[in-house]
Number of protein chains: 2
Amino acid sequence: MATSPLCVPPPQGLLRPLAVPERLLLGPGPSNVPPRILAAGSQQLLGHMHPEVLQVMDEIKMGIQYAFQTQNRLTLAISGTGHCAMEAALLNLLEHGDTVLVAVNGIWGQRAADITRRLGANVHELLKPPGEYFTLWDIEEGLARHKPSVFFITHGESSTGVLQPLEGLGELCHRHGCLLLVDAVASLGGAPIFMDQQEIDVLYSGSQKVLNTPPGSAPISFSEGAREKMLRRKTKPLSFYLDMGCLGNYWGCDGEPRRYHHTAPINSFFSLREGLAMLAELGLETSWERHRANCAKLCQGLCDLGLELFVKEEKVRLPTVTTVRVPDGYNWKDIVAFLMDNHAIEIAGGLGPSVGQVLRIGLMGCNSTSSNVDRVLSALQDALRCCQHSRL
Amino acid sequence: MATSPLCVPPPQGLLRPLAVPERLLLGPGPSNVPPRILAAGSQQLLGHMHPEVLQVMDEIKMGIQYAFQTQNRLTLAISGTGHCAMEAALLNLLEHGDTVLVAVNGIWGQRAADITRRLGANVHELLKPPGEYFTLWDIEEGLARHKPSVFFITHGESSTGVLQPLEGLGELCHRHGCLLLVDAVASLGGAPIFMDQQEIDVLYSGSQKVLNTPPGSAPISFSEGAREKMLRRKTKPLSFYLDMGCLGNYWGCDGEPRRYHHTAPINSFFSLREGLAMLAELGLETSWERHRANCAKLCQGLCDLGLELFVKEEKVRLPTVTTVRVPDGYNWKDIVAFLMDNHAIEIAGGLGPSVGQVLRIGLMGCNSTSSNVDRVLSALQDALRCCQHSRL
């Protein structure tokens, strides 16, 4: 037994109890978690190879297939948050020297381009100003010019509030010999997406948005075309933790006996299972319609307050995250702080290219209700009145 | 609003309630989670930049500094499980072409070598048979021959039950111009480790062992020497999610204003905070002594049952995971299944190089009690009697 004296004493901060206040999370995520999902996550642990856990994983897989509208067998949850799924998608698909075209109209495209560069791929960016979307014509021009093997685009650009139309995009990419990779972190369950019909090759999302599940696991799915590209790899993926060959086996996607790969975040899986179950019970169409209707009500209310929506065209407004211009003479930080301090409501300022320009209001999953719209509008009205003295 | 019909119906499996049985988890991890930690993890979510969450992160940092016995400022929790921390350590430290020496006497060295190869480093392996440990002489010879910039070794080899002595190792590595990277996933809190005194440059652990916290976040710390090597990098780390420069900023380790980096697994942080708090309240010395005493009692009991311990020398037996040879004529799978089916106790077979050779019994954190030793010994006695008919 070592008898060395401890050089670092027990920290006082840890000897106080944990205190967590209740807030209404109407930022771009995370969203609030219903008691049923919190309860699932606080079940006692099981081993990561116990049959009950493998069963929960099978149910998660089915839940993702439903939410994504896909029959892809390589469908599973990554043991990390949405960012980790973005990395998993890119590092499994790409090898050093691959050419990638990334659609950049907000932070998520920027992030994907950064990750892709780290992986040693040749990155080309297709640029649009924040708040705009890409037409098929824009994209076809980029595909023809750069001849990428993978095209990345964001379905729900939560930094700008844009919902990217996906119709015809998969077919276009395939005509150009390119795989289509779509980020649906902020949009899944809130806006229609049909992975198989829309010929999306890789689709991923997060747990802490419409699924109302604590961050820590992230749905992802790969088409047969994407699987084939991965099977043709000459080098192993740069990550063991996110190696889709190993993960696919652990998730029972390859028909082989399931082998231990890593210790999965088991309680996060319990929560994710429950989030997907609640979406399945509600039904996708009902969820989409609810998000559409509450977003429409919010947009009308914001206009009634004299505020200007950041995304002009209604059809490309993201139903889960609404962006509104910071009104002239106000400091966005004052408004955000006022809602937090006086109403215990989180809304957010901009992110990346939209910093300083917008306020972002999220209505996701169980938070997308008519009464939450009323609450945030009333709080904003209050803020617009009370923050006047702090005009810049 | 899209009106396409759904091609994938809501899955029936998800429409049933989640059911999780209670088990005593005496495998090599995860271990059972005390109600206090489960309760912390089921608190309502907050935003990942809310001051209360940043405060919890500060407390986690102090808790890790205490558990690791370090004053390193670059100390934080990775947003993934222990495997993810192994990758984070390697991919931040290493660049393409670096030379690494990996001590391999079980699966964790094998795993580190695999990850290191994926990163494009030159890997040399220092080999020992499963169940053995490395002497300073073994290691010095390897350092002199291969001149690595990083040496990897596992403190608690949970696949074999070996506790690697660390005394003098940091000084030896530094004399050879090499950084020392130590995996303490299975040993932290169960066996003494002194990061600063022992001159360890990078140390990481997991949450689901002695800390009794659900898997999903992983403590890690970097010495000034390790930080300097990372600052000298010519290329960005291959991962954005695990980029220690960005993570260090988000965790408030660099003195700069804290910026959003990724959505962290917030509830996992609540749980980890509580696991570290319980260790701080108990005290490291008490925890080490408890694990030592219960492991000694278990080993004596196993010998009394006529079983043979896999690790001969008492001083290098891992106090958290005890390995015992599968008795002649028994199938290990029968014994493991018997304990699970008849006693609701998990123990494990071997892993990697120890598969088929050993049974592994874990006593970690709150599971390391005298009464659990009695329970598992009694269950094993029962298994040895009842599984005789299934001798190979």
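Glycine too: its Cβ is placed from the backbone N, Cα and C atoms.
Residues or ranges marked as domain 'Aminotransferase class V' by TrEMBL: B:26-376.
Long-range neighbours of B:Lys209 (N6-(pyridoxal phosphate)lysine) (same chain, six or more residues apart, CB within less than 8 Å of its CB): B:Gly29, B:Pro30, B:Ser31, B:Val185, B:Ala186, B:Leu188, B:Gly189, B:Gly190, B:Thr320, B:Gly362, B:Met364, B:Gly365. TrEMBL lists B:Lys209 with the feature N6-(pyridoxal phosphate)lysine.
According to TrEMBL, the substrate binding site annotation covers B:Arg360. Listed in sequence order, B:Gly27, B:Pro28, B:Ser158, B:Ser159, B:Gly161, B:Val321, B:Thr322, B:Thr323, B:Ile347, B:Ala348, B:Gly349, B:Gly350, B:Leu351, B:Ser354 are the same-chain residues six or more apart from B:Arg360 (substrate binding site) with CB atoms under 8 A from its CB.
Under DSSP, B:Lys209 (N6-(pyridoxal phosphate)lysine) is assigned to coil, being neither helix nor strand in the three-state scheme. Mean predicted confidence for the domain 'Aminotransferase class V' (B:26-376): the pLDDT average there is 97.
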